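Taken verbatim from Swiss-Prot:
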type	residues	note
LIPID	Gly2	N-myristoyl glycine
LIPID	Cys5	S-palmitoyl cysteine
REGION	41-54	region 'G1 motif'
BINDING	Ser53, Thr192	Mg(2+) binding site
REGION	184-192	region 'G2 motif'
REGION	207-216	region 'G3 motif'
REGION	276-283	region 'G4 motif'
REGION	334-339	region 'G5 motif'
Amino acid sequence: MGALCSSETYMLDKEEYKKQVEHNKSIENDLEKDRKIKILKLLILGPGESGKSTTIKQIKIIHDEGYSAEEKMVRKHGIYMNILEGIEEIHLSVGRENKSYKNPLSFDHINEVRMFTENFKKADDSEKLLGPEVINAIQKYIKDETIAMMLRDKTVYNIDDSTIYFLENFSRIIQKDYLPTEEDILKSRVPTSGVIQYKIMLKNFNFRIFDVGGQRAQRRKWLHVFDDVQAVLFITSLSEYDQVLREDATVNRMKESLNLFEKICNGRYFLNTAMILFLNKIDLFKIKIKHTNITVALTSYKGPQECDSALDYIRKRFISLNKNKKRSIYEHVTCATDTEQIQVVIDSVIDVVIQHTMQKVGIQ
């Protein structure tokens with residue numbers, strides 16, 4: 001009996017040992033999978049001024065703690081600069097469009113703004129305030145009948161939407177106790193130079209979100225560094241089909257965006273990467289399509305000059321550039337400054353990145 005009991009005990013111990021080994025192996029596998037997905041990397045790409053930085057701001061507002069009073073104070077100086085640069089852009093548009101000022105003093109007002117801008121750039125942050133002279137010059141300048149007309153027809157003259165917004169809110173912004181709202185920050189523009197990294201915890205995963213400068217030289221310099229990202233979020237502006245690049249006035253922005261998307265989508269660095277497409281600035285596109293056909297950039301378009309048909313054509317043009325038919329392109333039509341709408345879209349993007357990563361490491 002003793003020998004029998006000993007044999008049974010041995011068999012039980014052996015089975016338990018095997019189970020324990022398998023259990024330990026399972027834990028090790030889980031830990032290895034956890035290690036592989038410990039940090040999820042999302043790379044945001046697209047041409048300059050397409051809405052990449054705005055999307056990251058939205059993620060910070062929706063999923064993080066937003067902006068502190070100190071951060072808002074820093075952003076205030078950038079908003080002042082946006083206004084000053086916006087006035088200069090309007091002045092340049094007057095010349096490009098062969099328009100004339102109705103008020104002869106408008107030249108004096110623009111010169112006042114220009115001189116102030118040069119000093120503003122050199123000043124310390126503590127001194128970066130809009131003084132009464134430049135405030136008066138801006139207020140009188142935008143009352144010129146030619147300028148007022150151009151501001152009303154902003155999409156015809158391609159005046160930046162943020163410039164319109166800040167001028168509409170100018171009386172609030174020039175108050176001494178002014179502190180930017182979240183909407184002000186979303187509308188503000190700060191060109192991305194190099195790579196901006198943003199760290200955030202989303203749905204119990206550590207995310208690293210990278211915003212690469214949209215200008216050509218910036219992209220060429222950094223793209224090869226990101227061959228291990230889980231997903232690429234490509235953002236293009238729907239409304240800039242009749243505009244040219246800031247860095248090259250011979251290149252149409254929509255054509256540049258299509259060419260860039262094709263290179264990213266089929267490039268060797270991102271063959272196994274989830275690809276997400278934001279067709280951004282739909283709000284401005286709906287306005288512009290009423291007076292300017294997309295044929296100025298996409299000559300093969302034969303459909304009607306209306307939003308739905310033109311949008312569908314642009315969408316199909318982008319999707320057709322994907323040569324990897326096993327990979328789906330997750331597409332969204334967006335307005336990056338609309339927090340309520342973009343919240344739903346960003347949640348979808350986060351889910352795509354997580355699911356794609358888990359599938360790659362064998363969890364699903």
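The backbone N, Cα and C atoms fix where each Cβ goes, and this holds for glycine too.
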Open item on the list: Based on DSSP, tally up the residues of the region 'G1 motif' (41-54) by helix, strand and coil.
Closed with: 3 helix, 5 strand, 6 coil
- [ ] Please state whether DSSP places Thr192 (Mg(2+) binding site) in a helix, a strand or coil.
- [x] coil
Task: Per Cβ pairs under 8 Å, the stretch of 41-54, 276-283, 334-339 packing most closely against the region 'G2 motif' (184-192) - done: 41-54
Open item on the list: Going by a 10 angstroms cut-off between Cβ atoms, which of the binding-site residues Ser53, Thr192 has the sparsest surroundings?
Closed with: Thr192
Open item on the list: I'd like the per-state residue tally for the region 'G4 motif' (276-283) from DSSP, helix first, then strand, then coil.
Closed with: 2 helix, 5 strand, 1 coil
Task: Segment confidence, the region 'G4 motif' (276-283), expressed as mean pLDDT - done: 97
TODO: Report the DSSP secondary-structure composition of the region 'G5 motif' (334-339) as helix, strand and coil residue counts.
DONE: 1 helix, 0 strand, 5 coil
